[in-house]
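Record features (TrEMBL):
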- 15-36: region 'Disordered' (REGION)
- 82-123: repeat 'WD' (REPEAT)
- 262-296: repeat 'WD' (REPEAT)
């Protein structure tokens, strides 16, 4: 089952929880559409952890808000609450116990949203250099009980994307940089890696081994390609590989081939397969162990900007919205 799309009338005839919404009628696979979607492009999605009964989905957007829906057993969605930033919300995640949501925004703040009280408090303030186009303080680590970062580790370049699966964190930077951090006890830089991809990083997702421990990551780029990289593989030349995706059927020699960005990657929590979504308006499922593509969706009329699985892997959510991939200057 997949989610996100057209407003199905939430708030019709009155003021809804989230206010007015826009409508996108294109849904070629007839997937279940989330009621009262955001008013602007969706930047992130995340399902609640298994410690929280039921399924709750959060989504952040360029409308400066983060919204929470309850996903019922029949697939229908019920808007529950929302919180606002003063700038676009770039990322959001749940606490392990499911009682809080953490959000990060272009307004240079990170907030902690207590779902029980429906109150949000600022827990981080970032310094951003507009001329450099980057956070001037490196990778910051925070204890939510303190207004100041507990430590900072310098990065060689701007951060483009990151993922955390304790005790591992991976940060992908400009100039094809990759930094792996070890978070146990005190966070420390574990390794710097030369990117296996030749073009700008777009997304990264950590995957686990059969013992449920983080063991590597998948890295997506703007050039329609994904790299599977293990941290300590027995045979790096054999175990690490890249594959093409989110491209048109043409060839570079005879028929021009359109190449699209990989906007997000999500791993299935049970089977370890992965989903990729791209600016071509499609999502695909892959088996990294067998190195095969399992399925590709029909094409939507807009790019797909975010995706996620729920905690047991029986719901797949994706967001269809504009991603600036066709901007002209």
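Each residue, glycine too, has its Cβ placed from N, Cα and C.
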Run through the repeat 'WD' (262-296) and tell me, per DSSP, how many residues are helix, strand and coil. 0 helix, 21 strand, 14 coil
Cβ under 8 Å, sequence separation of at least 6 from the ends of the repeat 'WD' (82-123): give me the contacting residues as numbers and ranges. 17-18, 40, 43-44, 46-49, 51-52, 56, 58-68, 142, 144, 147
Count the residues of the repeat 'WD' (82-123) that DSSP assigns to helix (H, G, I), to strand (E, B) and to coil, and report the three numbers in that order. 0 helix, 26 strand, 16 coil
